[in-house]
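Annotation source TrEMBL lists active site, phosphocysteine intermediate at 334. The annotation substrate binding site is assigned in TrEMBL to 272, 273, 334, 335, 336, 337, 338, 339, 340. Positions annotated as domain 'Myotubularin phosphatase' by TrEMBL: 124-495. The feature domain 'Tyrosine specific protein phosphatases' is assigned by TrEMBL to 304-347. The domain 'FYVE-type' annotation in TrEMBL covers 634-685.
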């Protein structure tokens, strides 16, 4: 590519912020998609995707070279000291062009091709349909209906084509309400609880100090009437009151209780995107302290206000969830209804409905409340060169709040922390087209489903990595967040994940999941062997009976010899082996779906294949302990955020790159594909007929 001025630089020193005294020397490679640092001594590679780069800073010259500080959206911060200033300048200017393209069509997803054919291009794009998600909620019904007025995005271009509104809502009400709301984002249904209480979302009204819209007032009344439980509903403005007042002075604002009947209005005080962006920056500064004391770190974290913001989002979400749980409907908005509204509506549903706490349900929640309803991912994540003031960690905060709930109620969630981290990193990576664009219309215009791969298709191939071993599927009640200050925690696994000294060698969840998988493998193997033993017993019993019948005829053999033959199972089995081809159809060794079928001898076979040892040896009974393994066989070192994966056939441990095959093992009864290493996979391919 013409953007790359220098593809390779030797003798580069890498200094990470936690290891400034012992820099590593290696080679820096600049490719079209990644910056790769290779340490020749340890064979360790550090890969930095260009799209993950948040900022690049050329620091003043030092005696050892020219330093280049790179901060990433994944919270990796690293400095490369390049020997020559001219080389540093070339890398710097190349990265400036590569890490934030000018055009959306230059994003990584439009060129990305998987290394292997693990999943087709269309996989994942059809996993979620908005109509199907509303059918889960039994919508449409007698109170709610599908509105066709947004089929061509004419009513609101940042909403999905399918929007659900009260049956009472007229065309005039919908059009007028859309015109009266910021960006045309009129009140529409996003969630219907099983008690008829609903969550609707919209943007602020263009009310100013005195303007009103009768049709908008009728629209909210129609929403209230869909729920017969109560004679009122809540309207929640997620902004601080002072922000809403400032917007009111600009001709926007909030609902006036004097005009809107039967509503109870609440401000719930979540700060705007600019405050959140500045807060996260202060969190990173707290983490980047060279040698922080306890008080220095805690004070820096406190002054960032980050945990206060996380608590505020959870507090607002809890208010909405509690109201709906008690049978009261809620209409939610912020300024434009695509940031704070997305956060609290989705978190409230996460608290209310166990379906959204499963892997599939959580993905559906993101599809519905974030992608379909127009959270501006490309602007908030800085995918392309845009106004820096539009960048804000809104989705990061949603994942943080989800993690807080997981920490408090781990048994209620099917997924683990790794699942959230993968989501966070790929929202920013643009490797997949799933999160590219600012709304549903953008994604259709870009033809992402035809031109790019889906993150959901990729994740479907790695589901075993995201399972929470503590999950209890029968936890079906609504969960509540504990908002006590002591219960809101700093998410070390996200913001300090590259600081090796503060993490356990293996995450507890990984160790538990590994133990669970080992038990599953052994149970599957035992079940297989039990069935095989039963089939042999059945055959031997039949053989013994036939032999007994044959020898019980008078005058053939003496009684004592007959008795000995009957009791000698091995003799009986060997003697009758030649009769297998003529055995009954229910013979256990003749059945085509039995692994032992290959042991039967026919006239054409000169020697039987060794199926029994193959089945027994195909399952590793002992798995290598995780604690003792620091390096994969490919020389990739394991660190605190590497996933160690056992090969179910040999029991050895490998990195994710070396254990990319899933096959069914002959010694398992279920026939379910399980992870095997490349060596075992090749061996099994040779053994297969």
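In case you wondered, yes, glycine gets a Cβ from its N, Cα and C as well.
Sequence features annotated in TrEMBL and their locations in the structure.
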residue : record                                    : contacts (Cβ under 8 Å, 6+ apart)
272     : substrate binding site                    : 239, 243, 335
334     : active site, phosphocysteine intermediate : 203, 204, 237, 238, 239, 270, 340, 341
336     : substrate binding site                    : 182, 183, 185, 203, 204
338     : substrate binding site                    : 158, 185, 203, 373, 374, 375, 376
Validating a neighbour-count step here. Other CB atoms within 10 A of the CB of residue 340 (substrate binding site): how many?
28
Using DSSP, what is the helix/strand/coil residue split across the domain 'Tyrosine specific protein phosphatases' (304-347)?
29 helix, 4 strand, 11 coil
Could you count the residues of the domain 'FYVE-type' (634-685) that DSSP puts in helix, in strand and in coil?
8 helix, 11 strand, 33 coil
Over the domain 'Tyrosine specific protein phosphatases' (304-347), what does the predicted model average in pLDDT?
96
Within the same chain, and leaving aside 272, 273, 334, 335, 336, 337, 338, 339, 340, name every residue whose CB is within 8 angstroms of the centroid of the CB atoms belonging to the recorded substrate site, in sequence order.
203, 238, 239, 341
